Structure formats: C-alpha cells, structure tokens
Amino acid sequence: MTVPVAGKAYFGYGSNLWREQMALRCPASPFVGVGRLRGYRWFINRRGYANIKETGVDTDEVWGLVYQLVPADEARLDKNEGVPHAYRKRMIPVEFSAANQTTAETVTTSRDMLVYIDSKRTSENHRPKDEYVHRLNSGIDDALYEGVPPSYVDHVLRKYIPTEEDVEAGLMGFMEGLSD
C-alpha cells in the first residue's frame with residue numbers, strides 16, 4: 001500500500017525532467033507520473049534556460065514529469081528556480097498520467113499543478129547555457145524512459161538542445177539560427 005505524500009503536484013519541463021537532479025533538489029518529493037500542458041509552447045529564453053508561454057492553441061503542448069512536492073522541498077526549489085526574480089509560480093491545470101502507465105499518451109486525469117514560468121523573458125530562439133545542455137539531455141533520457149513521446153522530444157526539445165553525441169562531435173550547426 002502506498003502512503004500518499006502531502007503537498008502540491010509539480011510539473012517540471014526543463015532540467016527538472018532529470019530525476020537525479022530532482023532527487024537532490026527535492027529529496028522528499030517523489031516522482032508520480034507524466035504530464036501534458038496544452039496551449040503552451042516550450043523554448044529556451046534569453047537567460048539560456050527552458051521556459052514556456054501560453055499560446056492558447058490546443059495543438060501546442062508541453063510535456064513534463066510530475067512530482068508530489070512537499071512544502072520544504074518547494075522552498076528549496078524556489079531558491080533553485082530563482083523565485084521571484086527568474087521564475088514565478090503558477091497553478092495551472094495539467095493532464096496527468098500516473099507512473100507505470102503503458103504510455104504517457106494515455107492521460108487519465110487533469111489537475112492543478114505548480115508550474116514555474118518566466119513571464120519577463122518570453123522571446124524565443126535563444127541558445128541554451130553550455131552547462132544546461134548536459135542536464136537537459138539527462139532529463140530527456142528520463143522523460144523518454146517514463147513515456148514522454150519521442151516525437152515531442154524530436155520536434156520541440158531538439159530544436160534547442162543538441163544530443164550529447166552532437167556536442168562531442170562539434171555538430172552544433174543547427175544552433176546558428178539561435179541567439180546568444
């Protein structure tokens with residue numbers, strides 16, 4: 001029998017896709033499933049980090065991992081995310097599929113979740129910080145393992161984030177259209 005954890009559902013869509021990073025940042029907040037946020041678009045902002053913005057277009061979607069965030073871990077995450085200067089916190093309805101579902105596309109419910117959004121830096125097409133590429137690639141591996149659709153990774157995240165192999169081979173040409 002699983003004992004429910006108190007706290008808020010948190011939707012991580014950037015480097016917090018990386019479960020090891022989340023375990024270090026928020027050790028008492030377990031991974032609980034996969035989420036999809038419709039009507040939003042994912043991008044790298046001018047700071048060089050992941051951000052999302054509302055588009056209102058139902059075909060735009062952001063996929064992420066969901067954690068049950070206890071209050072003490074939420075306070076730690078606020079510091080890591082630079083609240084309120086870099087990101088602000090919002091409660092937004094996110095479609096949710098519990099962990100161990102056959103596929104994340106079998107979303108079972110929708111619930112309000114804590115989402116960090118930078119509403120000041122919303123211009124798109126910026127390069128990621130060099131240190132961020134590894135963390136996001138680790139998160140992409142975890143997200144794919146948990147059931148985030150490969151097509152989302154290929155068409156959205158890979159627009160900004162080169163694979164580790166591409167970085168090692170110096171194949172960064174696709175980033176020429178991105179701003180520093």
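Even glycines carry a Cβ here, placed using N, Cα and C.
The substrate binding site annotation in TrEMBL covers Tyr10, Phe11, Gly12, Tyr13, Gly14, Ser15, Tyr132. In sequence order, Ser15, Gly48, Tyr49 constitute the residues six or more apart from Tyr132 (substrate binding site) in its chain with CB-CB distances below 8 Å.
Residues or ranges marked as domain 'Gamma-glutamylcyclotransferase AIG2-like' by TrEMBL: 10-118.
Sequence-distant neighbours of Glu81 (active site, proton acceptor) (same chain, six or more apart, CB under 8 Å from its CB) are Tyr87, Tyr116, listed in sequence order. Among the features that TrEMBL reports, active site, proton acceptor is placed at Glu81.
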Can you break down the domain 'Gamma-glutamylcyclotransferase AIG2-like' (10-118) into helix, strand and coil residue counts using DSSP?
21 helix, 50 strand, 38 coil
